[in-house]
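If you check TrEMBL, you get these features:
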DOMAIN    2-199  domain 'Flavodoxin-like fold'
BINDING   Ser10, Ser16, Leu17, Ser18  FMN binding site
Amino acid sequence: MSKILLITSSPRGAESLSTRFATKIANGIRMQSGGSLTVRDLIANPAPHITQDYIKGRVMAPDTRTAEETQAVEGAMELVDELRAADVIVLGSGMMNFGPSSQLKAWIDNVTWPGITFSYGAGVPQGLLTGKKVYLVTAAGGVFSEGIYAPFDFQTNYLLHMLGFIGLTDVELLRIEGTVQGPDAAQAAIASTEAAVQALLAKVA
């Protein structure tokens, strides 16, 4: 049975297309595999932003940490353990000012941890969270996969880089674009994404 981790990060709630389709993918895989599903909603249950307690605490022996350092490190380790336990990760991200939401950035900062999720061998970084399948669902009101706005997509390339940096290199990307370019464009984008999700789930089966 597959252990599936669904991570959602859009503050748009029920209106979020990245959350909608990421959830659909995760539920579809769960039903087909008979596996378990863990949900990490970074809006309802946000990862803390990085503090000095976390920075200092993660390089200290557990018995030398202050209470605040222990709390910061244990909170981050909970997020890492969710990743370690998962066979399949589904990540939904809606673009905010050309990049991911601050909530998702905080989660990335917590789980990008030297010696835990990546290491340096001969000076070369090596991701440690290998052997997992990732489905990355990104949403944007404009079209950033091509055309004049492509250089301003600091969401997709950043997420792919950071996932790969910690060893998550087997990533399937699903883009939802052009949803604020009029009703017809929005409907077309949603219909196209629905078809892509169905094709993805058929392939998984």
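Quick reminder: no glycine exception, Cβ is built from N, Cα and C everywhere.
Fewest other C-beta atoms within 10 Å: among the binding-site residues Ser10, Ser16, Ser18, that description fits Ser16. Close to the recorded FMN site, the chain also has Thr8, Arg12, Glu15, Thr19, Arg20, Phe21, Ala22, Gly92, Ser93, Gly94, Val137, Ala139, Ile176: residues not among Ser10, Ser16, Leu17, Ser18 whose Cβ is within 8 Å of the site's Cβ mean position. If you average pLDDT over the domain 'Flavodoxin-like fold' (2-199) in this model, you get 94. Sequence-distant neighbours of Leu17 (FMN binding site) (same chain, 6+ apart, CB under 8 A from its CB) are Gly94, Ala139, Ile176, Thr179, Ile190, Thr193.
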